[in-house]
């Protein structure tokens, strides 16, 4: 591919053309100025980037040596002293409160679900942006949230018995969320607006209204009749849709045709763990979809059966408040974008020495200039009404790396003419050195931080790699019961509240990774708002609608107020290493652990390498579909590498397991015409060789990250064959 030289940068022609012809026009930023500033940014900050990565390696070497001499720490005080001596654990400064300004309500004050989607997939991105609202009826009917017992099977057509169960569940939810002064929602026979109040007629003929009349936010009318009532609890809206001729409403005594939930309040458009972006071609796709979202013109032609339609961004909703004043309600999730971390470089742009530029610097500059289509001088202000750009920054290790990200953002703002602190930062608390120094990490970004989030998956991967030499780790399924996990989750909330995030920023919790198990999610994920999290990750718009019910049941602001006075989680618990003290696993248990890890690795890696798919639903050993991305891959690969290193398993056993499970993964993908079987020839299957690398060379991967192997192997495939098209 030809390259264009600009101020010492060698930019692949297609990327250059995209920037000059599509991204920059309309932003007020001229190409010459853009590339001049971009070059300065790269050549001045790339050396700092490399130095920070070298520091990671130096810490790891010191930790490896300590563990080799001492094993798993039994004297946690001595271990903590060692971490302080080497500068891994830093002194904690005085208390402070964050000062982030111009933060949209979706982040500052509204508690609710958050989606994370691969920005390279336009359909997923549009679905996520439009997932601000979802049908509660559809979410219940189409999932296992409603049992199929007693004749309530989903079936091919509409099942009235199942519909009755859905309606009963939804009415019971309304009793909790927007209770009536008298009677139950199941007995409602009619709704009307009278003198600014919701007038409710029960089947008995009695009249009632809302227990709290202020929960009526507004109405929408067509042809003089109210067709929807907008209610509100804990800052979240629920819309009761009336249609006497509707498929459901016609048979409903109150003509309620649907109940629509305000669902995914925010959505992260991901350039990182859920995508496979290894070169200019891939980055252009990511950036062009982000451009379409910021300009509002992204669209995707969707085919469902015989029905073909074009999906676009939903327009805002119009209502009239009880006093007769019109107002607008957002119909799209507030979009954040996750840039990559500090580790990777990308061949799309080379510096003056011919080296690949740090991908995190490239992401910052390009995604920010694209955001000007929304927040710039001539911006639409359809995403951020407060004029802010929201960047989630992953995989940072400690406050020095957070400060470096702040420096990048500051330089980008100066280059693009943005006001200082326009670019807000979400800090992923997913690396051990960030966890133990979280207060100082937040301090480093106190004018920008809008989000801290525990990422159990990556955090576990880092836990394993950090203490690789300490001994064999406990089984992967036992990790959630380990002492460090509960302390880590509570510590994140405690530190966030101590730093004044409540009412200003999100304190988030991690992903529900089983998209088919919605009944279990409804039962369990309420623990996140109860723990003080004002957002948590969900795997689909449907899951967002169901998880939204939890934020009606739990007043997160009240929970956070109560948690501010609790004793902070113990650092010593966080520092405890999850090594199996006296492993007594049977050979069958060991093999099952290997099988499960291998299946997850192969099922994900084969689609990443061969098809460029960065996020997949992969069946586990029990045939439960699990959402897999690079974070889950990191855990599985590091866990296998750890057991191999400590002799729990042999290399021959690992290879045999991977080969046997590859055949099973091949069978599971037999219906995919784009799939390339691995077991046909293990030696020539680049995907299988990548899986081998991730495990057999797992100890030498930087911090246990999977990106170096994945990128190298994906580029190898793209160079030697025409990649499979999805």
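From the backbone N, Cα and C atoms, a Cβ is placed for every residue, glycine too.
Around residue 338 (active site, proton acceptor), the same-chain residues six or more apart in sequence whose CB sits under 8 Å from its CB are 116, 268, 269, 270, 271, 272, 273, 391, 392, 393, 394, 426, listed in sequence order. The annotation active site, proton acceptor is assigned in Swiss-Prot to 338.
What Swiss-Prot lists as glyoxylate binding site is 338, 430, 455, 456, 457, 458. Neighbour count (other Cβ atoms within 10 Å of the Cβ, all protein chains): 24 for residue 457 (glyoxylate binding site). DSSP gives residue 457 (glyoxylate binding site) a helix state.
In sequence order, 273, 394, 395, 428, 430, 431, 631, 634 are the residues near residue 458 (glyoxylate binding site), counting only same-chain partners six or more apart with C-beta under 8 A. Positions annotated as Mg(2+) binding site by Swiss-Prot: 430, 458.
Per Swiss-Prot, the feature cysteine sulfenic acid (-SOH) maps to 615. Mapped onto three states, the DSSP output places residue 615 (cysteine sulfenic acid (-SOH)) in coil.
Feature annotation from Swiss-Prot assigns active site, proton donor to 629. Sequence-distant contacts of residue 629 (active site, proton donor), defined by Cβ-Cβ distance under 8 angstroms and a gap of at least six in the same chain, are 273, 274, 457, 604, 614, 615.
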Distance in Å spanning the most remote Cα pair of 338, 430, 455, 456, 457, 458, given for glyoxylate: 17
Neighbour tally for residue 615 (cysteine sulfenic acid (-SOH)), based on other Cβ positions within 10 Å of its Cβ: 24
Cβ neighbours of residue 456 (glyoxylate binding site) where a neighbour is any other Cβ within 10 Å: 20
